[in-house]
Amino acid sequence: TIVYINVLVFIIILLIIFYYNFSISARQELIVTTIKQDPYTMSKGSQLEGYCMDLLAELAKKLGFKYKVHLVKDGAYGRQDESGNWNGMIGEVVRGEADLAMAPLTLTAAREKAVGMTKPYMQTGISILLRKDIVSEEAGFFDFLSPFSGETWFGILIAYFVTAVCICIVGRLSPCEWSQPETEPNHFTLLHSLWYAAGALSLQGAGPHPKAVSGRVISCTWWLFAVVLLACYFSSLSSSQGSDSAPLMIKGFEDLANQDVVEYGTLAGSSTLAFFKNSNNPSYRRIYEHMERRKSFVSSMDEGVQKAKEGNYAFIGESVSLDLAVARHCELVRAHEVIGMRGYSIVTPLGSPMLKNLSVAILQLSEAGELAYLRTKWWASSCIPDSAKGSSLRAHSMKGIFLVLAIGLGIGVLLSLFELTSKSRSTAGEQKKSCCAVLTQELSQRLRMINTKGAQETSDKNKA
């Protein structure tokens, strides 16, 4: 009996402990530590907002826990000193002052030994941030086309062919241009019209020139179009070449290590600095030794971005953070090269039962597209798209001269019809025929003169 009583008491104690732990875990308000960094965590009045705050809210909703957020006391991410003690958010989690650390904390081997880290909720790497005027792009074979956009070049090509066709039509319709279709050759064939229009674009001209008023209207309009077009082209070309001429070309870390004109540095005590310190790559080692020798570190991300904006300084940091700086500051650009790929994780104490659940929840949010949505929401760019090619003239910026050309072509074709109608009316009076009949005959003869002439030459050969 005593044994049964002892077993029963033991079971009751276990149930009480289980119930107590379960109730505590269900009702416990987790203490979350974070650090201010745009756009992960930012102040909005008395509240905090940002990517990490939205992600934390989604995780709390999915896992059903309550939380309270406070900013890290020493304003650091987490670095281990020589005695093995951690500061920053990692230190608060290690000492039990916080249950979670929600921030852009890089998953590293040293941190993994001290705390628990979830599956990464964001992938990043190390890249370079600098001013656009420091970077010099390699000249391409078709950079001479850069003054105009693709839409503008297409519009110019269409305008060229339409103008040539209009010149050819006017050359056939106008009696002042082609008075005797039966005996005189037509100088303005389609091939000559194309050559004539091309000559105007080169400012050289190609004869013979139109004699009729209608042809001259089209020619003058096309010459005006060509002059304005060439003026815009050369102006934009000279300005783009002047802006792209940079004294230095930096495409990646190899270029950065092999120059001493531009100063560079990274965040003090960051995992980025540890990457260069522990790397066996000679270029990366030279970068680390340069930063140590010049003490070119910055204390915050904002300080690094500000120094890069001031010029003659390249800031080395996490690529996603640099992408945000480029989106907010249009004069900055991020190098294409990204090294040391790693991920941002949420930090928990070692052995925390929440670690597995948080990792699963992060994977579920990623599969549902929530993480991609949050990235799009908080990394929205305030810069004008294609700002690097802002000197390119698009079709809508030259719509005025295209409109003038269209009006000139229309007036020229109408004038040629008017000239042909006047001649048909005069001929109808002399021959005492209907004006419409004479006009129809003239149109048919002029527009089908090539076939008629070819048939007549074939008939003459047969007779011979």
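The first residue you see is number 1, and the count goes up from there.
Cβ atoms here come from the backbone N, Cα and C positions, even for glycine.
According to TrEMBL, the cysteine that forms a disulfide bond with Cys383, out of Cys220, Cys232, Cys330, is Cys330.
Largest CA to CA distance in the L-glutamate binding set (Pro104, Thr106, Arg111, Ser271, Thr272, Glu318): 17 Å, whole number. Mean model confidence of the domain 'Ionotropic glutamate receptor C-terminal' (29-381) amounts to 86 (pLDDT, 0 to 100 scale). Cβ neighbours within 10 Å of Cys330 (disulfide bond), excluding its own Cβ and spanning all shown chains: 15. Excluding Pro104, Thr106, Arg111, Ser271, Thr272, Glu318 themselves, the residues of that chain whose CB lies within 8 A of the CB mean position for the L-glutamate site are, in sequence, Tyr77, Leu105, Leu107, Thr108, Thr124, Ser270, Arg342, Tyr344.
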